[in-house]
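Under the heading domain 'Tripartite ATP-independent periplasmic transporters DctQ component', TrEMBL lists 1-129. Feature annotation from TrEMBL assigns transmembrane segment to 20-41, 62-84, 104-121.
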């Protein structure tokens, strides 16, 4: 956001626009959002279609999540599988933008497989917790979380 504020000030108050602000902001926002996906997944911030979901018990929700999360694994697995060679090629040739400024784009392209891996790992933790809940009927609690909840 500071990049865009800088651009607006330079363009309209000093009539000295930059050649790099738009492209930089697109790169930063893109990396921010793809990496933020794993964090949103951890916090449960993704949207659910709750017509059926809210009527189920906690155990029923876990079972439904286990079934529907196969689509998540197909999507994120494919994204990871396809983005690794794409990002690696960009890195090996030191790919840069064809704009006037011409920044390197390989660091941003590397963010996609990195974010996919983070989302895959976070999805695996959710699947383990859901499987535990579906089988036992109890929430999966990590020892560190239990100590925090107990106030130790």
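Glycine too: its Cβ is placed from the backbone N, Cα and C atoms.
Keep in mind it's a predicted model, so treat the numbers as computed, not measured.
Mean model confidence of the domain 'Tripartite ATP-independent periplasmic transporters DctQ component' (1-129) amounts to 90 (pLDDT, 0 to 100 scale). In the domain 'Tripartite ATP-independent periplasmic transporters DctQ component' (1-129), the DSSP tally of helix, strand and coil residues is 97 helix, 2 strand, 30 coil.
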